[in-house]
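Okay, structure first, notes after.
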Amino acid sequence: MSLRSSYSVRSSTSQVPVSQMSQMSQMSIKRTTNVPTYRAARSTAAAGQGTRISSASYSGVRSGVGLPSMSSSIHVSATGATGDIMGNEKMAMQNLNDRLASYLRSETLEQANSKLELKIREALEKKGPEVCDYSRFQPIIDDLRRKIFDATSNNARLVLQIDNARLAADDFRVKYDSELSIRQGVEADIAGLRKVIDDTNMNRMNLESEIEALKEELIFLKKNHDNEVMELRNQISHSGVQVDVDAPKGQDLAKIMEEIRSKYEKMALKNQEELKAWHESQITEVQVQVIQNTEALEGARTEVNELRRQIQTLEIELESQRNLKGSLEATLRDTEMRYNMEIESLNAVTMQLEAELTQLRNNIQHQTQEYEALLNLKMKLEAEIATYRRLLDGGDFKLQDALEEQKRVKVMTVTQTLVDGKVVSSSTETKEKKF
């Protein structure tokens, strides 16, 4: 926070005391004094030539202590007829009366000037130059700066945590998507395995129906074979024809039938064993496939359960991260709201301090203007008093003495820039005025 203060230092070529002014209570005292025109006549070297000299008239000046409105005029008339003036007693008495009135007027002005200087000195001693010390606000400013820095650090830390939570949520979302795709693939595999199991069950049912049909066919063949054997036996037993021939002994039909029977029995047994072996091999293969499919199904179920547990865990973590994110965002909003309110209060304090500083500068400028007006009035009064004294003392009166005395006043303006109570820059400007 920078504070710019400016003050003026004045120096005059004439011997006029210069004093600094502080803020004075404003009083308005208005008094009007009408002073008659005074004339002073004095002989000059050139007789017969008239000279008319007029001094400047002064108007009232209103300041912090208030000065009466004064209007004075000196009218000096000198004629070339010196003998006429000295011989005229009436004019001499009038001249003396005018001098006496001028003397009394000068005494009154000196007393008024003394009173004015006394009031100015008393006002300066009472209040002194008002300098605003903003050092008492420095701890508050440092504390507020520290709070703002802490709030900025906390805000950055919260933003970092939110970013980390967002990245973690994105990672969990990617993992969830990958696990979901894996789950969908496993479910597709399970659906395919179920289809394979259904096909295997259909094949098993077809094989069982074929086995049943073969068993029925075997039973039917056995039954037909038994019937044929019984018919042959009946035919042999009921055959009563006996033929004796001298031919050699033929083959035994019973033996032949026995051989045929044994041959068919062996063929039936062989077919039965082959059918049984084929059926058992088919059943074994189907059982192996069923076992493999069952194991795969159990593994898939286990994997699906594991994936479900992982999905539930991830959903719980995702929900917790969402809750954490919501709480962090709420905390961030509260923090931003709180620090916005603090910043607004700081801005209000800053604006108030700037307003006070502006008011202080305006007061200093106003006091400087009042001081310049009082200084100008004082110099004019002193010039007028000096002129009256020369008139009363009867000294040589010249045209330059009656003219308004020109005085030069140097105005030195020093501008300093204060930062934290230290002067960081300074500039000086000097102006010269003539009065």
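Residue numbers in this text run from 1 along the chain shown.
From the backbone N, Cα and C atoms, a Cβ is placed for every residue, glycine too.
The region 'Disordered' annotation in Swiss-Prot covers 1-36.
Per Swiss-Prot, compositional bias 'Low complexity' is recorded for 1-28.
If you look up Swiss-Prot, you'll see 2-88 marked as region 'Head'.
Sequence annotations record features per position, and here Swiss-Prot assigns region 'Coil 1A' to 89-123.
What Swiss-Prot records for 89-399 is domain 'IF rod', and it gives sequence analysis as the kind of evidence.
Annotation comment: Swiss-Prot describes 124-140 as region 'Linker 1', evidence class sequence analysis. In the predicted model, residues of the region 'Linker 1' (124-140) average a pLDDT of 72.
The region 'Coil 1B' annotation in Swiss-Prot covers 141-232, and the record cites sequence analysis as its basis.
Annotated region 'Linker 12' per Swiss-Prot: 233-256, in sequence order, evidence recorded as sequence analysis.
For 257-394, the entry in Swiss-Prot reads region 'Coil 2'.
Taking Cβ-Cβ distances under 8 Å and a sequence gap of 6 or more within the same chain, the neighbours of Tyr339 (site 'Stutter') are Ile148, Ala151, Asn155. Among the features that Swiss-Prot reports, site 'Stutter' is placed at Tyr339, with the record citing sequence analysis.
Swiss-Prot lists 395-435 with the feature region 'Tail'.
The residues of the region 'Coil 2' (257-394), classed with DSSP into helix (H, G, I), strand (E, B) and coil, number 137 helix, 0 strand, 1 coil. For the region 'Coil 1A' (89-123), the DSSP-based tally of helix, strand and coil residues reads 35 helix, 0 strand, 0 coil.
With helix defined as DSSP H, G or I and strand as E or B, the region 'Coil 1B' (141-232) counts 92 helix, 0 strand, 0 coil.
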